[in-house]
């Protein structure tokens, strides 16, 4: 039947699942229409009784000519990830910016200046606010423009669609559900497609899903069986589930109609679904029917925006803002009160030279008091540093580039460096208290190497020397040369199981490689390499090759292997019972050339042992436990012969279950469970996953820095424990406190009672009886905690968190806090996130960091305050969901101890400095009111008010916050204990804040009263003229600008040419601006207060003397503090290092080397 044009018939359609992600939607018109339609549906009650499935007509062809055709109601294929449009950018962006308290506060101040007669011009607060809002809007607008650009690249991408019997090129956004789409090799799929046709003879295609789940390995997908070669003749209807975000789940079936026949039904699963965003590989062309488009694709439903993470610095800023806001209100209230107290004196309210107008006399007293209060608020509002937010944003944005540019983070193997996904948490890297790390791929390399195997209790190790193991001799060479070994038949059965029980694919031959003969087949396959979704499977296949059995590939559902006699064996692949984390095993059902039907199964020991005979387990268990203790990953291998009747029954059951739309997974699991019983255990394998480079050094450094390290893994306890010993998280003298299923069952009591008993015992030993912390250091940092390590498994954690046992969580956390390290084994991804959340929400809200490399680590990475992704072998999903990403675990040491420490010190200094300099700025203005009759007369000119924070004092602190190194980064990395000096927000506590505030008050008082003493002499100029109030304010302002800038220069330890440029350049710019602003008559100014004021000021020797003297007196306490303070050991070490480097350089110079 030819393809017909028209709409897609939808029997029942539900909305996509919630959580499709922030900013991810279809076009605006579609959104509005969808919202109106859904609103009407809810109003009219049409939303009831929606079906859980949808029906799609392939190519929009009706089931029969007489069947009515309903227009489509699915969304189009357009994706919009942008946040703004051209018409809503301004109102939406302004609304979001004014939700910030500081911006909203300055907006109110600006409106008060516009409405009320205030002493300062509205420009003084309006211009800085406009600058802040504009810079932020430009930054956010540019980022959204990039999103629009990326959206257009996706939506306008040309695709090929079969329409009316011919191939048509159209834009991706115009694809509709039911369209048959053609995709070529290396192209990405424009929507979710069910695979109908492939250019490969076996009806398969290979895809990579790195952009979806981070897995870079090739995955195999299959066409729907019995599809016509000519898709124009295909008359089919597809019924599938409604859109849902699970990437690995898809349930459907296809009805294929042929003339004169009953419709054929074919089951559809994840292996038939090609996901939007995946890329076609090693296949020339495929054709598929669109089932989910636009925001209903699995990629769109999985796009979840990260929760907004707030740093501890931002919380400190908010606290300090509240304090300074209270100071501002107090100043305004004091001045308003004193004004009316002063005006009650005779002659002060209405002096003879300033009579009140009638309007002023008729004004209500309380209204006038309120207006005066607002005027004083405006006059003193510069104590709140609005420009600090812009400076902090710029510091974070520019500072994060130093992580990206750090050459030490570059890995030549993957040719990548560090990645910063968010710059808002730079300072949190210097505040970490708990580190949660994955094991496989993070502490270890996830680069599997086959070590040994065990067959019927006999160990086979491929090595270079003979050794005595387990009471029998192991010699060099392959299996057939070993002594004291299992029978030849059992050896070959075991190796055949390794060659057949997997989902490995052999890579396609490259250009210029032709077919090989039978003798060279194994060598050619090894050179071409393998494709697998797990490195474990490749390691096992390569391990079998060492002992003479080689997997040659899968062709037309026939698996070919080469035995040790160089003979090719073929097996029909009948069924694959896929691996899943619940069963922890996978199986294949194959048929040999002799007609035998065999089931081969491999999996974890806890999953295989209950399904085989006990006497077989006893022969293998010792080897499995020893391998796990040595840190190897172990898998057990079993097999089972199936009779013709048993296989026929299993085959029918599997086909029936795969056709089910409801509860398909549960039905399949039940059948798998029935098949995988009564098996015979053949042996076990041991695969080594080596430690990451410098993993031990990194873990020791983190512990020395005072961080608690938690290892969260899904591996078995023995393997994970040996990894902790290898990383020195556990030491030989460490006493391990174990809280696992084994210890709970050992007591012979109920689990809850035994759990309580063990927790109380461990709490007594690790907490109550532990010696007190030394040297004022918290217990988690004292040396005493090295005596204990804690181990818990997933089952016990579930019991611990489940009521009524959840009341024991406080005991559990106290025990963990007093242990050197904590190992959580057999953890599910959700349990990893639960552990992080549990620690994060404890008293004191400790800063947590999670580090992982796989998709199963994403939950804990998103849950922690800071998430670190490792660019490992398990894909890039962890990297994309992290805040920072580094190529190797070893880079974590410099990231935290070096960059994190410096970032925190820099931004803490920036925040404290901003509050300090604004207090110095506004305190003289407050004191001036006592000498001007509380008339709200400003002390400074409007130009100085506007440019103080924007131009005169902003660049030096920005440069300081980018380049300062109070201790060089090499010493910070070598002395991890220095990390503790800034831990727990040490530089932004109330003590340092009060120190900076006291310094600001001291200098503000000195500025005002020092200049006031100068003005006691009425004639300061040579011509006998008297300086006015603007001269007074200009001298105060000049002393203040030079003092706060030189204060920063005194605090600078690491000078660069940029620091010199901005510090001395800012002072020079101030002098130039003052001459320029007061040396020209500006036509746009109604009155020019500073005309030649600055020039006349500097012509007085007395003014010069006072300026220099006041600057020296202001900085004297800081100078004395630096001189009298005892140098720290780190500073002495730094000086020694510089001295030795200088001597070495002088030696090389004297010897003529340089």
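Any Cβ shown, glycine's included, is placed from N, Cα and C.
Bear in mind that TrEMBL entries carry predicted annotations, made automatically and left uncurated.
Over in TrEMBL, the protein carries these features:
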type     : residues                                                             : note
ACT_SITE : 438                                                                  : active site, 4-aspartylphosphate intermediate
BINDING  : 438, 440, 853, 857                                                   : Mg(2+) binding site
BINDING  : 438, 439, 440, 537, 579, 602, 633, 713, 714, 715, 826, 832, 856, 857 : ATP binding site
DOMAIN   : 72-125                                                               : domain 'P-type ATPase N-terminal'
DOMAIN   : 157-299                                                              : domain 'P-type ATPase A'
DOMAIN   : 879-1125                                                             : domain 'P-type ATPase C-terminal'
TRANSMEM : 319-342                                                              : transmembrane segment
TRANSMEM : 373-392                                                              : transmembrane segment
TRANSMEM : 993-1015                                                             : transmembrane segment
TRANSMEM : 1027-1049                                                            : transmembrane segment
TRANSMEM : 1061-1082                                                            : transmembrane segment
The transmembrane segment (1027-1049): which same-chain residues, six or more beyond its ends, come within Cβ distance under 8 Å?
913, 916-917, 920-921, 924, 928, 932, 937-941, 944, 948, 952-953, 956-957, 960, 1003, 1007-1008, 1010-1012, 1014-1015, 1020-1021, 1063, 1066-1067, 1070, 1074, 1089-1090, 1093-1094, 1096-1097, 1103, 1106-1107, 1110-1111, 1114-1115, 1118
Under DSSP, the domain 'P-type ATPase N-terminal' (72-125) has how many residues in helix, strand and coil?
28 helix, 1 strand, 25 coil
Rounding to the nearest whole angstrom, report the longest C-alpha distance spanning 438, 439, 440, 537, 579, 602, 633, 713, 714, 715, 826, 832, 856, 857, listed for ATP.
26
Cβ neighbour count (within 10 Å, all chains shown) around residue 633 (ATP binding site):
21
Using a 10 angstroms cut-off on Cβ to Cβ distances, just flag whichever of 440, 856 is the loneliest among these binding-site residues.
856
DSSP puts the residues of the domain 'P-type ATPase A' (157-299) at 14 helix, 68 strand, 61 coil
Closest by Cα to residue 857 (Mg(2+) binding site), out of the binding-site residues 633, 714, 826, is 714
CB contacts under 8 angstroms to the residue listed as 'active site, 4-aspartylphosphate intermediate', restricted to the same chain and 6+ apart in sequence, sorted by sequence, are 711, 712, 713, 832, 851, 852, 853, 854, 856, 857
Take the C-alpha atoms of residue 826 (ATP binding site) and residue 440 (Mg(2+) binding site) and report the distance between them in angstrom, rounded.
12
How big is the gap, in Å, between the Cα of residue 714 (ATP binding site) and that of residue 440 (Mg(2+) binding site), rounded to a whole number?
9
In this predicted model, what is the average pLDDT of the domain 'P-type ATPase A' (157-299)?
84
Between residue 579 (ATP binding site) and residue 440 (Mg(2+) binding site), find the distance joining the two CA atoms and give it rounded to the nearest Å.
18
What's the CA-CA gap between residue 633 (ATP binding site) and residue 440 (Mg(2+) binding site) in angstrom, rounded?
10
